[in-house]
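S.K.: Input: one structure, supplied below.
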Amino acid sequence: MVLLMAKAYVAVDIGASSGRLMLAEIQAGKLKLQEMHRFKNGFTRENQHDRWNVDHLVNEIFTGLEKIKAAGYDEVRLGIDTWAVDYVLVGMDGKKLQDPISYRDARTRDAIAELTSELPKDYIYKKTGIQFLDFNTLYQLYAENKADLAKTDKIMMMPDYLGYVLTGNAVTEVTNASTTQMLNLREGLFDKDLLKQVNVSQEQFPRLVESGTVLGNIRHKWQLEYNLPQTEVITVATHDTASAVVGTPGNGDHWAFLSSGTWSLLGAELNVPENGAAAFAENYTNEWGAYGTYRFLKNIMGLWIAQCVKREYNDKYSFADLAALAEKEKPFQQFIDVNAKRFENPTDMIQEIQDYCRETGQKVPNTPGAIMMAVYSNLSLFYANELAKLDQILGYAIDTLNIVGGGSNVALMNQMTSTLANIDVYAGPDEATAIGNIMVQMIAEGDVSDIASGRQLINDSFKIKRFTPETGKYGTVLQRYQDFLKFEKGKKVTN
Ligand SMILES: Nc1ncnc2c1ncn2[C@@H]1O[C@H](COP(=O)(O)OP(=O)(O)O)[C@@H](O)[C@H]1O
Ligand SMILES: C[C@H](O)[C@H](O)[C@@H](O)C(=O)COP(=O)(O)O
Ligand SMILES: [Mg+2]
């Protein structure tokens, strides 16, 4: 009797700190997920810029696929998602011109001020509905080496470039394209004025496609070089946060998501964009989601800070160790604006945190536990503050927060956020990005009918932990934090 193997799906999810290949199948009505390969990601200094090693990423994808083949899977579907805004310049010969520059590189430091002196911010926001982050693709292209741009045949967003290397086919998938801050909300195309502003032609971007589009099979030349399964690549929601939102269980009537990884992306899934005055004033974004939705969210510095702290202790502590050390400390011993520019890419994060506390006349954390409690408690305060703003902008009360990603493992932060925001928190799955990647593939293949049934399958398949508010436990700390932020912004703390 030939056992019909359930279709196997592979998610390649590459975040700013780590990448992974996750294999999924539906077994007995549940989604079974297994990690087949994990690898480090990160940028290094090369040729005067912070750059990603994109050949390393390609090699790791093939290594992961060889492991999947060796595990007995001869045929798979595969989707690729990565972090946003960064791109690869591809020359007339179809090869990359150089290793891509990271969004944390200093080259865009003054780009927003320069570009928006010619094109006002409100004009750009009305067109695109996208938040002003100085590393958006628009500002990277504004700062790009003009000679390199002239040699460029195609500008490929990171996940699209990886799909192109595997299959030879180039597209621009819309969820990640929206993070460029160059897509026109009304027209659904790259905006002509913004293209002109950075001397790029529409033709230099491959055609725009929706998530769920079949990209093609892995090229034969790779099959000869590596021992790979037969692999059909599907263009998923290629911005990792878009996949994370698809993979969010969506518990609650008016629920919000917090994709908690290197970045914390806090927001709500909308059916129409919200690019009005209040959203503009609070720098909220309308990144495009899967299935015609919009990810109305704010970028928060997130666990990037924890990653730097861990590295600066020479990886002596695991993340779980650092969370356990923090648990032993008292919360809210100092207030920190975690989104201050100074925390974006400092040479020494621990020093930066201590200097900030000294400059603002606050208690300076000196031990790993105290430093991590400062990080976790101020992230939780920032989340609670932003949830209050979200209620104001959207005009209704968010009743539940779904926290996904690696940060959903930090019970201390899940509980603090629930109490500070006075709403229920559902934590998990931590691999929601990979799950959302796979969900789009399954919907494209007809194995799952739509996103609602996909989210039901997620709830049925993974352990989702609920946290409820310990009402009143922290008194007026949130109000005092909000007053502190207003005071610091008024003082224009140098950052
Ligand atoms: N067991 C854990 N305890 C505490 N923190 C954790 C744990 N697992 C993961 N994390 C946190 O999650 C972060 C990674 O989340 P992840 O979603 O994998 O990020 P990315 O996709 O950006 O690489 C780590 O930086 C760490 O701070
Ligand atoms: C620069 C972008 O805002 C950033 O990539 C963010 O959107 C993102 O993709 C975060 O994903 P991580 O998994 O790296 O936290
Ligand atoms: Mg991630």
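All positions are counted from 1 along the displayed chain.
Including glycine, each Cβ sits where the backbone N, Cα and C put it.
No curator has checked TrEMBL annotations; they are predicted automatically.
Feature list, courtesy of TrEMBL:
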{"type": "ACT_SITE", "residues": "D240", "note": "active site, proton acceptor"}
{"type": "BINDING", "residues": "A16, S17, S18, G19, R20, T262, Q307, G406", "note": "ATP binding site"}
{"type": "BINDING", "residues": "A84, H239, D240, T241, N299", "note": "substrate binding site"}
{"type": "DOMAIN", "residues": "9-247", "note": "domain 'Carbohydrate kinase FGGY N-terminal'"}
{"type": "DOMAIN", "residues": "257-444", "note": "domain 'Carbohydrate kinase FGGY C-terminal'"}
S.K.: Please name the residue among the binding-site residues T241, T262 whose C-beta has the most neighbouring C-beta atoms within 10 angstroms.
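M.R.: Output for this query is T241.
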S.K.: Would you list, in sequence order, the residues of this chain other than A84, H239, D240, T241, N299 that have their CB within 8 A of the centroid of the site's CB atoms, where the site is the one recorded for substrate?
M.R.: W83, N176, T179, A242, A244, S259, W263, L265, E287
S.K.: When the Cα of N299 (substrate binding site) is compared with the Cα of each of the recorded positions G19, D240, T262, Q307, which one is closest?
M.R.: T262
S.K.: Quick one: pull the CA-CA distance for G19 (ATP binding site) versus A84 (substrate binding site), whole Å only.
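M.R.: Just about 14 Å between their Cα atoms.
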S.K.: Within 10 Å of the Cβ of A16 (ATP binding site), how many other Cβ atoms can be counted across all chains shown?
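M.R.: So the number of other Cβ atoms within 10 Å of A16 (ATP binding site) is 23.
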S.K.: Using a Cβ cut-off of under 6 Å to any atom of ligand 1, determine which of the binding-site residues R20, A84, H239, T262, N299, G406 qualify.
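M.R.: By the Cβ criterion, which requires under 6 Å to ligand 1, the hits are T262, G406.
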S.K.: Taking the center of the Cβ atoms of A16, S17, S18, G19, R20, T262, Q307, G406 at the recorded ATP site, which other residues in this chain have a Cβ no more than 8 Å from that point?
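M.R.: The surrounding set, listed in chain order, is G15, N41, G261.
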S.K.: Any of the binding-site residues S18, G19, R20, Q307 with a C-beta atom under 6 A from ligand 2? Give them in order, or none.
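M.R.: Result: none.
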S.K.: What recorded positions among S17, H239, D240 have a C-beta sitting less than 6 Å from any atom of ligand 3?
M.R.: D240
S.K.: Looking only at A84, H239, D240, T241, N299, which the record lists for substrate, tell me the maximum pairwise CA distance in angstrom.
M.R.: 14
S.K.: Translate the DSSP assignment of A84 (substrate binding site) into the three-state scheme.
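M.R.: It is coil.
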S.K.: Starting from the Cβ of S17 (ATP binding site), draw a 10 Å sphere and report how many other Cβ atoms land inside it.
M.R.: 18
S.K.: Out of the recorded positions listed (D240, T262, G406), which are within 10 Å of A84 (substrate binding site), Cα to Cα?
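M.R.: Cα filter at 10 Å returns D240.
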S.K.: Please report the distance from the Cα of S17 (ATP binding site) to the Cα of H239 (substrate binding site), rounded to the nearest angstrom.
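M.R.: So the Cα of H239 (substrate binding site) lies 15 Å away from that of S17 (ATP binding site).
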S.K.: Which three-state DSSP class does D240 (active site, proton acceptor) fall into?
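M.R.: D240 (active site, proton acceptor) sits in a helix per DSSP.
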